[in-house]
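A.B. asks: For reference, the structure I am asking about is given below.
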Amino acid sequence: MLVAIIIHAIIQEYVLDKINRRMHFSKTKHSKFNESGQLSAFYLFSCVWGTFILVSENYISDPTILWRAYPHNLMTFQMKFFYISQLAYWFHAFPELYFQKTKKEDIPRQLVYIGLYLFHIAGAYLLNLNHLGLVLLVLHYFVEFLFHISRLFYFSDEKYQQGFSLWAVLFVLGRLLTLILSVLTVGFGLARAENQKLDFSAGNFNVLAVRVAVLGSICITQAFMMWKFINFQLRRWREHSTSQAPTVKKKPTVTKGRSSRKGTENGVNGTVTSNGADSPRNRKEKSS
């Protein structure tokens, strides 16, 4: 946690603050830019590190390793260090809320997604589902990295929208892949395993109640994320439609007082009436 706080401060002071001083962001954009800058760096590092572990331990060539030989209570050093680093980073996010002077209205949102990360990472670590957790984390981090890097480009140039379109497609595909891998591993792979008994000493949690709880938590989280995603897309669509809507110009209206005054001087609608011949000036000319 202390190392994460120090790295966080280094990125903030030597990278993000310098960019903020050049771009002159508003307070709202300033906080969002700092959030996306910190998270994009973390997601990129974690995604590269997790992919290296997946390739080095042959997860991609043999998907059955996700549930084969469960419980996975023996981990390599890099796998264990990866999980400890993930937990340390998300625990360090709590004091960072104070250091970054987060607004009160943004704190509940921050606490929700920090809590979700800690709940799922710690759950995969304690239930010895570290193989499945690693694959799902890499998949999720890649999609989130694309979103935050797109938001950074958007803050520098508001015409940049291509990254969000690509992120929207990959976000939906990421949710589908998460559900497919979870059901395949927990619902089919572990359900057909021979050793299905609760054994705390051996680290075996392959029982029906635990499998249902794991699948239920994953499905509820994915549904919550899709609900937030749909609301986000609808809000962007409304903002885009209102900005593209043509502005209707009002026709200039003539005041009644001015038109009536003109009518008394020049007749009705500007034409000279017969009363115009009997004006005081014309009567004076006749008398002369």
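Glycine residues also receive a Cβ, built from the backbone N, Cα and C atoms like all the rest.
TrEMBL lists these features:
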type	residues	note
DOMAIN	31-240	domain 'TLC'
TRANSMEM	41-61	transmembrane segment
TRANSMEM	81-99	transmembrane segment
TRANSMEM	111-128	transmembrane segment
TRANSMEM	134-154	transmembrane segment
TRANSMEM	166-188	transmembrane segment
TRANSMEM	208-230	transmembrane segment
REGION	243-288	region 'Disordered'
COMPBIAS	248-261	compositional bias 'Basic residues'
COMPBIAS	266-277	compositional bias 'Polar residues'
A.B. asks: Does the transmembrane segment (166-188) come close to the transmembrane segment (41-61), meaning at least 3 CB pairs under 8 Å for residues 6 or more apart?
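C.D. replies: They do not touch: fewer than three Cβ pairs between the two stretches lie under 8 Å.
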A.B. asks: Sequence-remote contacts (6 or more beyond its ends) of the transmembrane segment (208-230), Cβ cut-off under 8 Å?
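C.D. replies: Residues 116, 119-120, 123, 127, 129, 168, 171-172, 175, 178-179, 182-183, 186-187, 190-191, 196, 198 contact the transmembrane segment (208-230) from elsewhere in the chain.
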A.B. asks: Averaged over the domain 'TLC' (31-240), what pLDDT does the prediction give?
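C.D. replies: Per the prediction, mean pLDDT sits at 91 for the domain 'TLC' (31-240).
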